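The feature region 'Disordered' is assigned by TrEMBL to 481-502. Taken from TrEMBL, the feature transmembrane segment applies to 62-85, 105-124, 212-232, 244-267, 348-367, 382-405, 417-436, 456-477.
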């Protein structure tokens, strides 16, 4: 039987024409998906996912995994051109005169970066294909196994473990029910024995939604105050009310930022809990859930669990029990290595990507403002602003993880909503108030009284050092927790209950 695979760029562009509906639906669209597969001797990624997950989230995760680097490069290049053109006077600017010699000149670079990044994120694979680049070859089950021929479909499913062990890496599109699905655990077991955990990539499918939300929130906040200031509103209100008006203008973006941050932490905490309580014997499968009778035709279905247990037994002497123990012992540390400490909502390099609208806002002000003091102070403000923002995110994450660890906030949907509300409110308020004070400290003209020696240096050093210390402390704590070992489920039914509560 030929090895049937799908090339990542073709898969995304072909499904993109139908909003990727064929990933989760059957019928004629499945045959359409199969048209984009081809024979190959190389598999770069085997994509493991739950068919129950929302199609849009899986599409976003694949787009981010495939196109984020290209999108960052294209967005940065476009913003650089915009900044240079703004400096040369070829693009419009927004002049904000706050009085007292404080004048900021805002260009379009921040918006150019956000727009070009999002467009490249959504369509970068099409550009690669237009340039003749094949890119990464992946195995995606619905595109690589015939869905319109029952005989070939059964043959593909029977031999799927051969495709798994032939793959260079396993890409897990993780969702909250991933470890509850028997076939997902089967794919992990086959690959774990063949290649080891070091070749496993894990991407929470909801993380991309959070990252895009944070990017849009930061972009909104980077233009909200300039637009408000240019509208003439500040001149019409008293000085004592000015901070409140600016804070209110930032609050919508702050709430989105806080909610996305809290949601990402919830997903990460649930991933850690599932990894620590993992037991493949508690996983569910379609055939057993329906009493081995097809809900569509009423025909008797073969038991998938028997096939899975037989294959896993061939690879692990202790079968599912030994495989589960290996995952419980090794996966939490591997997740920390891939995603970083749980108190940060995403890997720091991804956070840096979504923070870039602020960077380009600072570049415009530093390049175009008429006052040398304003240019210099804004370069410092936005240059070290990433460390300041990351410190706030880390401290807010530390608060949320501490609350979640000492209460049972993740045990029910209602409690999770309360947790998200707490995270949204604290994140929004901390961001808006913190950035307001940060901006007031740095954004000063040359005519302002000079600061005490070392004051600015101390603030910048703290902004650079605090997130490093937070990250290091969280990493050490994670390693200590892993070394101590997870709590072992005493009985299978307890493991089932633990997973059900997550």
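Backbone N, Cα and C atoms are what each Cβ position is placed from, and that goes for glycine too.
Automatic prediction, not curation, is the source of TrEMBL annotations.
Counting same-chain residues at least six beyond the ends of the transmembrane segment (244-267), those with a Cβ under 8 angstroms from any Cβ of the stretch are 176, 204, 206-207, 209-211, 213-214, 216-218, 220-221, 224-225, 228, 233-234, 237, 342-343, 345-346, 393, 396-397, 400-401, 404, 410, 416, 419-420, 422-429, 431-433, 435-436. Two recorded stretches are said to be in contact when at least 3 C-beta pairs lie under 8 angstroms, sequence spacing 6 or more; the transmembrane segment (456-477) and the transmembrane segment (212-232) fall short of this definition. Remote same-chain partners of the transmembrane segment (417-436), defined as residues 6 or more beyond its termini with a Cβ less than 8 Å from a stretch Cβ, comprise 221, 243, 246-247, 250-251, 254-255, 257-259, 261-263, 265-266, 385, 388-389, 392-393, 395-396, 399-400, 403-404, 409-410. Residues of the same chain lying 6 or more positions beyond the ends of the transmembrane segment (105-124) and with a Cβ under 8 Å from any Cβ of it are 63-64, 66-68, 70-72, 74-76, 78-80, 82-83, 86, 91-96, 212, 215-216, 219, 222-223, 226, 353, 356-358, 360-361, 363-365, 367-370.
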